[in-house]
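S.K.: Below are the features I grabbed from TrEMBL:
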- HIS118, HIS122, HIS128: Zn(2+) binding site (BINDING)
Amino acid sequence: MFTIDFSDHTSEVNDAWFTQIDELLTFAKEQENINDEAELSVTFVDKNEIQDINKMYRDKDKVTDVISFAFEEEDAEIVGADIPRVLGDIIICTDVAKEQAEQYGHSFERELGFLALHGFLHLLGYDHIEQDDEKVMFGRQDEILNAYGLTRDK
């Protein structure tokens, strides 16, 4: 079982988009060969809220598109049966998602999916600080999006 808890602080995200992101991240979980029960949260916020979060937790006083907080530490081992793997939280700024969708010439829905997947991969330990890691993460991101069928023209 894979549980995603959605929270919309903007009142802009509709149920169809929740469903799309749920299906995309479930697909990504399978593509990443995660067979355990798992859960995470996805929260949609505006520019003010994401800037506050970015400042408080990352010491960066600026707006960003997506922030991820992984709950698992590297090589963490869960002891006990039937305990779902808690991956963490993904926070997406819908204002920035709209701007980026327009900038890149694709739909708002595609941008939300891209940002949700980007955050999900961060929860799994991918990053893009170093150039080699960026190639790996962005390559994997493109593979999953293309296999799912959420391409730039959507």
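Here, residue 1 is simply the first one shown, and the rest follow in order.
Yeah, the Cβs are placed from backbone N, Cα and C, and that goes for glycine too.
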S.K.: Find, for the listed binding-site residues HIS122, HIS128, the residue with the lowest Cβ contact count at a 10 Å cut-off, counting only other Cβ atoms.
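M.R.: Comparing Cβ neighbours within 10 Å for the binding-site residues HIS122, HIS128, HIS128 has the fewest.
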S.K.: Give the sequence-ordered set of same-chain residues, not counting HIS118, HIS122, HIS128, with Cβ within 8 Å of the centre of the Cβ atoms defining the Zn(2+) site.
M.R.: VAL66, SER68, GLY119, LEU121, TYR126, ASP127, MET137, GLN141
S.K.: Need the DSSP three-state call for HIS128 (Zn(2+) binding site) to compare against my parser.
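M.R.: For HIS128 (Zn(2+) binding site) - judged by DSSP and reduced to three states - the answer is coil.
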